[in-house]
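What follows is a single structure, written as structure tokens, with notes after it.
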């Protein structure tokens with residue numbers, strides 16, 4: 001079920017389009033635009049699944065190597081990152097199945113619960129996505145005069161919803177496991193100087209995981225919005241570089257401060273999480289049906305906000321994102337000032353020079369890509385009154401804003 005659009009089982013087509021006074025022809029165009037699933041999308045889906053499986057193997061391989069070398073703390077940290085992200089994604093996945101299958105055979109839910117208990121829930125979702133994805137990608141029919149009730153559009157809707165759920169879970173995994181592990185590997189390389197093939201393998205897999213997760217997320221976002229432009233190649237790369245460069249710069253900054261003092265680093269990360277969690281509380285998010293799941297969601301968002309900006313309400317973010325990355329810039333510059341006065345001898349080392357240049361250049365380039373993306377490629381309106389004034393009266397527009405609130409609670413930009 002497409003969790004970006006509704007809190008109930010109705011999809012955006014059943015809610016948003018019904019509240020609009022579309023003609024049949026315009027409705028068909030909107031449905032077709034939103035639900036078109038191509039062979040390229042199928043390729044990204046299969047690639048994401050392969051990387052997901054390989055990433056699991058690399059995690060256990062790296063953890064075992066550290067364990068054999070007597071680096072037990074690093075091995076345990078890697079397994080903890082993996083375990084924590086898996087537990088949380090399984091919880092969300094099962095809750096979504098339970099909500100989507102409400103009123104169906106309880107035997108199905110018991111089987112799904114067992115699969116999630118063994119941390120294999122996402123593979124059920126991949127199976128559904130591949131099943132409908134192959135049908136949608138290789139059996140596309142003309143959408144002229146089509147509606148959601150048509151078999152072809154039904155299949156398109158099923159695969160878009162299935163892929164959307166997978167990509168949302170992968171976003172959670174990216175910031176609960178992949179990004180923290182990237183930080184750990186960078187810290188080990190900078191702090192201990194020992195380099196091994198498996199360390200580089202872990203870093204490469206982390207970057208691949210982050211990259212695919214970010215791009216797939218945006219693809220699903222654009223497909224879920226009938227009034228948004230297609231996520232084209234140039235916009236994909238712009239968004240990808242914006243995210244990768246800003247995250248890389250921040251990972252290097254945190255690694256540098258961790259080298260100075262692990263205690264200070266932990267305090268900083270906890271403080272940032274408290275700020276992020278408090279912000280989500282202030283936003284009064286309504287992403288989940290139950291209060292317990294909502295607080296878990298807010299906890300996860302607080303962790304995500306440590307590493308990257310996350311718009312949880314679908315509102316204008318110019319001020320928030322400016323404050324967010326201005327804070328990152330100030331903290332990064334503060335770290336370098338601390339090194340200048342606290343560890344002046346390290347500044348002369350070539351390794352520190354390389355890391356400093358990489359950190360600053362990544363931050364500057366990342367912000368440049370951010371500005372370019374938001375200026376030229378970002379879908380800046382969520383069905384604004386100007387866009388809808390010729391099709392929706394004021395009452396219907398307000399009603400639609402309320403019904404599609406869940407979508408606006410999960411927008412990472």
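Glycine is no exception: its Cβ is also placed from the backbone N, Cα and C atoms.
TrEMBL does not curate its annotations; it predicts them automatically.
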> In TrEMBL, which of 264-281, 390-407 is tagged transmembrane segment?
Replying inline: 264-281
> With the ranges 109-128, 129-148 to choose from, which does TrEMBL describe as transmembrane segment?
Replying inline: 109-128
>> Below 8 angstroms Cβ to Cβ, which residues of this chain, lying six or more residues outside the transmembrane segment (354-374), approach it?
In response: 190, 235, 238-239, 241-250, 252-253, 256, 318, 321, 325, 328-329, 332, 336, 380
> If you count Cβ pairs under 8 Å, which stretch among 42-62, 109-128, 264-281, 322-342 touches the transmembrane segment (197-219) the most?
Replying inline: 42-62
> Among 109-128, 264-281, 322-342, which stretch has the most Cβ pairs under 8 Å to the transmembrane segment (42-62)?
Replying inline: 109-128
> Counting only residues 6+ away from its ends, which parts of the chain sit with a Cβ under 8 Å from the transmembrane segment (264-281)?
Replying inline: 254, 257-258, 298-299, 301-306, 312, 331
